[in-house]
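Student: Annotations per Swiss-Prot:
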| type | residues | note |
| --- | --- | --- |
| DISULFID | Cys11-Cys72 | disulfide bond |
| DISULFID | Cys26-Cys117 | disulfide bond |
| BINDING | Tyr27, Gly29, Gly31, Asp48 | Ca(2+) binding site |
| DISULFID | Cys28-Cys44 | disulfide bond |
| DISULFID | Cys43-Cys98 | disulfide bond |
| ACT_SITE | His47 | active site |
| DISULFID | Cys50-Cys91 | disulfide bond |
| DISULFID | Cys60-Cys84 | disulfide bond |
| DISULFID | Cys78-Cys89 | disulfide bond |
| ACT_SITE | Asp92 | active site |
Amino acid sequence: NLYQFKNMIHCTVPNRPWWHFANYGCYCGRGGKGTPVDDLDRCCQIHDKCYDEAEKISGCWPYIKTYTYESCQGTLTCKDGGKCAASVCDCDRVAANCFARATYNDKNYNIDFNARCQ
């Protein structure tokens, strides 16, 4: 779920507040459209598509589905918990790791969505 995703982000990117990822580029935090503005925004686009796939599992609601995972020194490991939970956890784990690898560009935070995300 989104609360657990926030915690995963904090694990992989501990020096940046999670809310900096909630309104970034064209895909982080609000659905999304257009071309991602950079690699970090592309991480969010991939995460959105991953959630779309998880929603195809009967009864799976990624934004609220809880799952079990472990975090140890920046390493995230999803635990068994059924097909939906495993799928959602993996979406969040992959995205949090992607965030850690991508460069955060302050100019892409809180951009003019209508002008830049066509």
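Glycine is no exception: its Cβ is also placed from the backbone N, Cα and C atoms.
Describe the structural context of these features.
Tutor: Here Cys72 (disulfide bond) comes close to no residue that lies at least six apart in sequence on the same chain with a C-beta under 8 angstroms from its C-beta. Look at Cys72 (disulfide bond): DSSP puts it in a strand.
Other C-beta atoms found within 10 angstroms of the C-beta of Cys117 (disulfide bond) number 19, with every protein chain shown included.
According to its DSSP assignment, Tyr27 (Ca(2+) binding site) is coil.
Cβ neighbours of Cys28 (disulfide bond) (same chain, under 8 Å, six or more residues apart in sequence): Phe21, Ala22, Leu40, Asp41, Cys43, Cys44.
Cys43 (disulfide bond): 25 other CB atoms within 10 A of its CB, across all protein chains.
Following the DSSP three-state reduction, the secondary structure of His47 (active site) is helix.
DSSP gives Cys91 (disulfide bond) a helix state.
Annotation note: Cys60 (disulfide bond) sits in a coil segment as assigned by DSSP. Contacts of Cys60 (disulfide bond) defined by a Cβ separation under 8 A and a same-chain sequence distance of 6+ are given as Ala54, Lys83, Cys84, Ser87, Val88, in order along the sequence.
Within the same chain, residues at least six positions away from Cys89 (disulfide bond) with a Cβ under 8 Å of its Cβ are Gln4, Tyr67, Thr68, Tyr69, Cys78, Lys79, Gly81.
Long-range Cβ contacts of Asp92 (active site) within its own chain (separation 6+, distance under 8 Å): Gln4, Phe5, Met8, His47.
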Student: Around the Ca(2+) site recorded as Tyr27, Gly29, Gly31, Asp48, what other same-chain residues have a C-beta within 8 angstroms of the site's C-beta center?
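Tutor: For the Ca(2+) site the neighbour list reads Cys26, Cys28, Arg30, Gly32, Cys44, Gln45, His47.
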Student: What three-state secondary structure does DSSP assign to Cys78 (disulfide bond)?
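Tutor: Its secondary structure by DSSP: strand.
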